[in-house]
Amino acid sequence: MKVIFAGTPDFAAAALKAVAAAGFEIPLVLTQPDRPKGRGMQLTAPPVKQAALELGLRVAQPEKLRNNAEALQMLKEVEADVMVVAAYGLILPQEVLDTPKHGCLNIHASLLPRWRGAAPIQRAIEAGDAETGVCIMQMDIGLDTGDVVSEHRYAIQPTDTANEVHDALMEIGAAAVVADLQQLQSKGRLNAVKQPEEGVTYAQKLSKEEARIDWSESAAVIERKIRAFNPVPAAWVEYQGKPMKIRRAEVVAQQGAAGEVLSCSADGLVVACGENALKITELQPAGGRRMNIAAFAAGRHIEAGTKL
């Protein structure tokens, strides 16, 4: 069975490797163009391209697929049975969706129809969801509205960051899409069910500004945001005129004026919130490395009563 693969980041690279390891023929891999990255802004290949080249696969990097006759012709010439799409980042027009014999399967990191859109992992943590998961979806022209082929649940742990949930769902998604491809190969079809009309939510793209901590919110809400926005865009506060990223924190039952430092020690930097307080245990000063609060407090002293 011939499988086109389309994806860009690590989440997708894991799936590509799994599909290849399962023995499926992959005549073409689509990924986004190389982009400048890092402090030196060096042109860097996306993880999917790196994985594809290691596997000896053909790679194409079109800037767009919509109104791109050359890319469409390339897809048609492959005569693929199915396309697997994972965090590709480009819109697939209807003519692309229709090109493979069995259409396009998408690996989506939520329990659809909850958290359709760009940032499902982060929004699930931010909202305090007890669980999330992966859906393998038969793609249609809508935004994550296609029929669901399979659903795989994951319990969000109380200390899980977006990075940790990402890594867990990355492995779940890779195994899930291989299982569904094997079913398609053996039976010649997939049993997909329509998404419920109720329970639809949208996972809007993250912004740096929304990651700025508002101390008037409850400590529980802020703590979830810290985990949801870790590693990027990273929850932050202004400290000495510069942004300081907050990496880990926990809720404590203390009270004070919102944004007021209640104590600073090797155990934690405690800041009052709209309800309860937050004990910060790991942070990252502007231009510096991540550090635990003991290392931070050793070189700085923040007086109780200071406003953040």
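The backbone N, Cα and C atoms fix where each Cβ goes, glycine too.
According to Swiss-Prot, the (6S)-5,6,7,8-tetrahydrofolate binding site annotation covers SER110, LEU111, LEU112, PRO113, on the basis of sequence analysis. DSSP classifies SER110 ((6S)-5,6,7,8-tetrahydrofolate binding site) as coil under the three-state reduction.
Ranking the binding-site residues LEU111, LEU112, PRO113 by C-beta neighbours within 10 Å puts LEU112 at the top. Neighbour count (other Cβ atoms within 10 Å of the Cβ, all protein chains): 24 for SER110 ((6S)-5,6,7,8-tetrahydrofolate binding site).
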